[in-house]
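Asks: Look at TrEMBL and you will find 1-20 tagged as signal peptide. Sequence annotations record features per position, and here TrEMBL assigns disulfide bond to 30-45. The domain 'Cupin type-1' annotation in TrEMBL covers 68-209. Marked as oxalate binding site by TrEMBL: 104, 109, 114. What TrEMBL records for 107, 109, 114, 155 is Mn(2+) binding site.
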């Protein structure tokens with residue numbers, strides 16, 4: 001009996017792992033219908049008879065992103081929100097522009113792994129493994145180098161040079177999501193209680209209030 005329970009548990013775990021990423025399509029395509037009123041895990045499909053080539057293409061990734069902001073970077077996404085033909089395909093990508101020493105701050109993608117390649121410049125990249133090890137795995141990338149960020153782990157990039165840098169990253173979800181750590185912790189709506197943050201970060205309450213005011 002115990003062996004049977006263990007077997008069923010193992011089968012259940014395997015089923016969960018297999019279904020943990022975006023579902024595979026059951027037809028040639030399912031172009032997202034942004035006007036659909038039905039709530040599903042994803043987006044409803046446009047009628048195939050109404051699908052056009054424009055549903056599968058997008059322009060503008062050659063344009064330089066505006067990095068005149070506090071972090072010195074600009075992420076230009078191509079997810080299902082921008083490209084309806086990505087619906088159900090389980091992929092997306094972003095262009096990232098970096099000013100000299102600009103950063104893409106520590107963040108996670110709750111639904112996707114990421115593979116990044118440097119097109120111009122050099123980037124310091126890294127991710128942190130899960131608790132309790134919390135090991136930083138990092139590397140400086142040059143033009144043409146590739147780096148992978150595993151799903152769900154906190155990761156970052158920083159321009160390691162004196163000139164602008166550009167990268168393209170592919171993600172394993174049509175809607176990978178992004179959780180910037182600083183924004184989520186110090187800029188939540190409503191605010192996380194300052195007492196909680198004081199104990200979590202072991203800092204003075206005034207420090208917490210000062211950081212929260214920036215978000």
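Quick reminder: no glycine exception, Cβ is built from N, Cα and C everywhere.
A TrEMBL annotation is a machine prediction, not a hand-curated record.
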Asks: Could you measure between residue 45 (disulfide bond) and residue 155 (Mn(2+) binding site) for me? Cα positions, answer in whole angstrom.
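Replies: The Cα atom of residue 45 (disulfide bond) is 33 Å away from the Cα atom of residue 155 (Mn(2+) binding site).
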Asks: Counting other Cβ atoms within 10 Å of each Cβ, which of the binding-site residues 107, 109, 155 scores lowest?
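Replies: Relative to the other binding-site residues in 107, 109, 155, 107 has the fewest Cβ atoms within 10 Å.
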Asks: Give me the CA-CA distance between residue 30 (disulfide bond) and residue 155 (Mn(2+) binding site), in Å, as a whole number.
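Replies: Between the alpha carbons of residue 30 (disulfide bond) and residue 155 (Mn(2+) binding site) there are 31 Å.
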Asks: C-alpha of residue 109 (oxalate binding site) to C-alpha of residue 155 (Mn(2+) binding site): distance in Å?
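Replies: It is 9 Å, counting Cα to Cα.
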Asks: With every protein chain in view, what's the tally of Cβ atoms within 10 Å of the Cβ of residue 114 (oxalate binding site), excluding that atom itself?
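Replies: Other Cβ atoms found within 10 Å: 23.
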Asks: How many whole Å apart are the CA atoms of residue 155 (Mn(2+) binding site) and residue 104 (oxalate binding site)?
Replies: 9
Asks: Using the recorded Mn(2+) site (107, 109, 114, 155) as reference, state which further residues of the same chain have their Cβ within 8 Å of the centre of those residues' Cβ atoms, listed in sequence order.
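Replies: Residues close to the Mn(2+) site, other than 107, 109, 114, 155: 108, 112, 127, 149, 153, 154, 176, 178.
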Asks: What counts of helix, strand and coil residues does DSSP assign across the domain 'Cupin type-1' (68-209)?
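Replies: Helix/strand/coil tally for the domain 'Cupin type-1' (68-209): 22 helix, 56 strand, 64 coil.
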Asks: Determine which residues of this chain, when 104, 109, 114 are set aside, have a Cβ within 8 Å of the centroid of the oxalate site's Cβ atoms, and list them as they appear in the sequence.
Replies: 94, 107, 108, 112, 116, 149, 155, 169, 171, 176, 178
Asks: Which residues does residue 104 (oxalate binding site) neighbour through Cβ under 8 Å, counting only same-chain ones at least six apart?
Replies: 71, 73, 75, 96, 98, 156, 157, 158
Asks: Write down the Cα-Cα distance for residue 107 (Mn(2+) binding site) and residue 114 (oxalate binding site), rounded and given in Å.
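Replies: Cα-Cα, rounded: 12 Å.
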